[in-house]
Structures are given as structure tokens and as C-alpha cells.
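Participant: Following this message is one structure expressed as C-alpha cells.
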């Protein structure tokens, strides 16, 4: 076990490094006409998880990239988490990953190259678990450690799961518990108890491979993964893109054990407030704890899945077959204001 604390070498952590949604919207605005290409099935106009390009014979190639600063101190775990997080975008589209290349920024005058080697070994382990090669990459000398992957995948075009095709009446499911940003903030503040040290990393190192199986279900109308914009942010993207609203049962939202204890100790990521400022106007009243948990930036978070109500039994049965015991966390309703509200 290394004595290096990687989180002390970066100003951000994991997907909490993301630029806020409101600022990103300004950056991505352009007066240039977008090129028309009918083969581009999914681009950046819908804020989806990855791009999909039609390559013929009902097949699409999926392309995505994701990288960030350390969210844990252990280099191998950092590599595993970053790899899981990047590959997740392929699964969120319903696809199968086939190859990855690494993106590495490293402060070579501050951190030994052997530590970067451990990061890469962690990524290789996850790529092997996903059945894909880490086939290359690019590195630069950077003031802070940064790592991630660019990932390529394949998909049957009929099975593409977008984030803007949900329907009124759909049930909402979340495949991983919330609280990752809160727990990793507790670690950075030195408040995390040793017996809780693996709660967040274990979730973050779990591949969202079940997304491939969800893609084969017609009753799954939309899917995305929950990362830096938190559950509320990614749910809002789904609702606004689909022209619907959502009602969430807060008590049914899964969360990591002991997360409320760390909220009480003030272990709140800076990204919580940035997220709420960006989209809070579209959300109904929240208690302080509800706001923190629902706006908590997730790294390598779970899949948010919209399921037709008549598909509830089949969907939950598939989940149970794959070790997931899921219950609906809410449902989609006709568009209204606020776009997302909590069950009273």
C-alpha cells in the first residue's frame, strides 16, 4: 500500500471536477452551422452519454471519453475507478465495449512514474474484466494527476438506449447507491472511519455491464449513467430531452450505508452547490439533506433506467438474475413545473 495521498495533489476529485452544466452550456454554444451527417445517430445535441455512428448492416460504433483527477488516494484504485467510469458510457448506450486507449496527465516532478504505472495497471485490470484491450494512449506532463480512457464500442442500432426517449408512466430505477461524493469528501477531510473506507470504492469499481442486457429489453425506453451532475442533473436531462417530468420517492432512492452520518459532519462536496445552482430552479422543494444527496456528484455511478410499467416484473427479474434487487425510485409524468419533484 502506497503512502502517497493522490487526492492531495488535485483541486478536484473524480466527476466532481466536471464543469457545471450552466457554464458548459455557454461553452458549447456555437454560431457555426452543424454538419449534416445522417450516419451520426447520436451526437452532442441531446446531451447523451456517447456518440453513435452507423457503420452499416444495422451496426453502430460508439465513441466516448472520460477523465478526471484522483478521487481516492490509492493509485491502483484510481485507475480502476477511472476505467469503470469511462467504460460505463458504452454500457449506458446499451453497447458492448471493444477497445480503450488511455489519457494520462502526470506531474512528473512531483509524483514518481512508478505511481502512474500503478494507475495504468488498475485500468488494465478493469479493461480485462470488461473483456477489452487497453490498446494505447497519450500522456502529458501536467500540474495535477489526470487519468481516464477513450473507449470504443459496438451496438445493434435497434438496441441503442438514448437519454431522451423516456415516456409518461415509465418507472425509474437506479442501479447503484448515491453518496459517493460525500464519502470521498469525508476521506479527503480525514473523517472517514477505516471500516467505511471501501464502501464508495467498491461501488465505483463495479462495471455497469448490465446495461448490455437492459438494451435487449423493449420495455426499457431510456437509459443514462449518473455521474458528475448527480441524480437530479442527469434525471433533468432525461426529462427535458423526453418532454416529461418526474416524481421521486426519496425514501426509495438507494444510498451508501452511513452516508447520513457524514452529511451531519459537513462532508459535502463543492460540486453539490454548483450542481444545485445550475439546475435548482427546475426542482421542487428539498430539505437540506435531500439537496445534498440528490445533488451529490457521482463518479462511476449507476445506471438511471426508465421502464414501461408493464415491463416491471420482467425488468426486476432480470436485475435479480444479475445480483441486483431494485425497486422503482419514482415515475415519469406529463411535463409540468417543476420538472422534478419529490413525493410528498
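The backbone N, Cα and C atoms fix where each Cβ goes, and this holds for glycine too.
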Participant: Can you find which of 141, 170, 225 Swiss-Prot lists as binding Mg(2+) at the same site as 49, 89?
Facilitator: 225
Participant: Using an 8 Å cut-off from the Cβ centroid of 49, 89, 225, can you name the remaining same-chain residues around the Mg(2+) site, in sequence order?
Facilitator: 48, 50, 64, 88, 90, 91, 92, 93, 224, 227
Participant: Please report the number of other Cβ atoms within 10 Å of the Cβ of residue 89 (Mg(2+) binding site).
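Facilitator: That number is 27.
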Participant: Within its own chain, what residues at least 6 apart in sequence put their Cβ under 8 Å from the Cβ of residue 225 (Mg(2+) binding site), listed in sequence order?
Facilitator: 49, 88, 89, 91, 92, 208, 234, 301, 302, 303, 304
Participant: Using Cβ-Cβ distances, find the residues under 8 Å from residue 66 (ATP binding site) that belong to the same chain and are at least 6 apart in sequence, listing them in sequence order.
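Facilitator: In sequence order, 82, 85, 86, 88, 89, 148, 149, 227 meet the Cβ cut-off.
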